[in-house]
Amino acid sequence: MAAVSLRQGDLVWGKLGRYPPWPGKIVNPPKDLKKPRGKKCLFVKFFGTEDHAWIKVEQLKPYHAHKEEMIKANKGKRFQQAVDAVEEFLKKAKAKEHAKEHNSSDEKGKKGEGKGKKQTGEKRRKSSESSSHSPQKRSRDQSPRKRGRPPKDDKDSPSPQPSSLKKLAMKTVSRFSWPPPSTEDDLGSDSWLIHGHRTLGTEMILKKPSVTYQAITKRLKISEEDSGSTSIQAADSTAINGNIIPTDKKIGFLGLGLMGSGIVSNLLKMGHTVTVWNRTAEKCDLFIQEGAHMGRTPAEVVSTCDITFACVADPKAAKDLVLGPSGVLQGIRPGKCYVDMSTVDPETVAELAQVIVSRGGRFLEAPVSGNQQLSNDGMLVILAAGDQGVYEDCSSCFLAMGKTSFFLGEVGNAARMMLILNMVQGSFMATIAEGMTLAQVTGQSQQTLLDILNQGQLASIFLDQKCQNILQGNFKPDFYLKYIQKDLRLAIALGDSVNHPTPMAAAANEVYKRAKALDQSDNDMSAVYRAYIH
């Protein structure tokens, strides 16, 4: 195929990894986003999903020249929505181009008319001057227009607009502007709703139309720390998971709790072959109805599957699952992959990795950040570390269950990062509860406090949901209180191991311990509120 010259503003088909070609537009990347080394790449914004990614030039094809070919090859719903978005974009651009041409011809007509009037006026002026030198009133045609409001005749004429097609083709790097547009027209023609494709060296940007320039550039920066860890971007499951190509590997899943149930459901929806096991077998029934197979023991699941995921409550449960009778270790053979998604301490995950690898297995830790709702929605954040080959083999699984994933390097790094995240979340929840109770005892409206918080810098879905739980007295578990307390305890121990103070986490931990003493362990973490009112 002959080389095609592509430039900023061109519409293209972009091929990313194992995913189908997707319609997009070549755009200028933010200044802080470094270009990948090696082969020539262009920065592409994809339609429909509004993902952004660096794509190798050889993986790009002109949109119009290959449109029929691509539409015949791909029939997914998300794909068709993306094509519709391109056509809508072109339709609007064509309308703007037509408006410009119409206004251009009107302007020429007005200029010609004005010129004729000017010449007539000149003749009249000269004639008048030759017959008399006395001052005369100017004719109505010669009267100067007032500055500001245009004459009535121009009222209904659309204002000239630059050609969108030409703007897209000719826009230079210096003229291409971030941040995202704020008007409805801009969002309609060049939407910056942000998701992400799985791309080495870039982070996921959360979908937030009002996101600031600083937030965009900060999140797009390549995250490559001194430890050599690299963040890896994954596709938003709401964006293109309708077109995920599921791996042909057999998937096993151990543990069908709050998080595991949502994960397995999404794996099945996206066409993966899944075998499940749970300590209480009844929990498997629903997934068997959805097409899953059932394993009698963890060892059986591991021995019959290529990649086995596990998501259990704590370090003890994680060890028992691997080392106990009919456990994972008994089913491990050379080449078998084991992915532990539990939130545990670095020492536990290192021990599990060692025993798995000693049997010829391959190990990846991949704890998840999120709650039951995010698990059900396929919007988890996955933190992975260990065998990078396993991480890549799990790509379609991670796309099904999460909105983004990060590969953080060697075993233990994901456990550390997960504990730090949950330490921050748990401490924040305790502070929310403390503020709500303080408002109550000082005679302030808790609802008004929430309304004010929702209008400020702390506004978030997490804040609103947890405060609503408190206001309604509804503590149905979305994230068990006993588990956030466990994570706080492990985070404090992590701080102790490196002689780092964690006084805020320690104080929050004591409040959660009091809530547990009040029989709140199996309620949502927001039930920590009750520790302040008893």
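Using N, Cα and C of the backbone, Cβ positions are placed for all residues, glycine too.
Listed in Swiss-Prot:
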- 144-156: DNA-binding region (DNA_BIND)
- 252-266, Thr343, Lys486: NAD(+) binding site (BINDING)
- 93-122: compositional bias 'Basic and acidic residues' (COMPBIAS)
- 138-157: compositional bias 'Basic and acidic residues' (COMPBIAS)
- 8-66: domain 'PWWP' (DOMAIN)
- 93-168: region 'Disordered' (REGION)
- 190-193: region 'Interaction with histone H3' (REGION)
- 242-534: region 'Dehydrogenase domain' (REGION)
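Summary: among the binding-site residues (Leu258, Val264), the fewest other C-beta atoms within 10 A of the C-beta are counted at Leu258. Residue counts for the domain 'PWWP' (8-66) by DSSP state, with H, G and I taken as helix and E and B as strand, are 6 helix, 23 strand, 30 coil. Neighbour counts of Cβ atoms within 10 Å were compared for the binding-site residues Ser261, Thr343, and the top value is held by Thr343.
If you count neighbouring Cβ atoms within 10 Å for each of the binding-site residues Gly252, Gly255, the highest count belongs to Gly252. Mean predicted confidence for the domain 'PWWP' (8-66): the pLDDT average there is 82. According to DSSP, Gly252 (NAD(+) binding site) sits within a strand segment.
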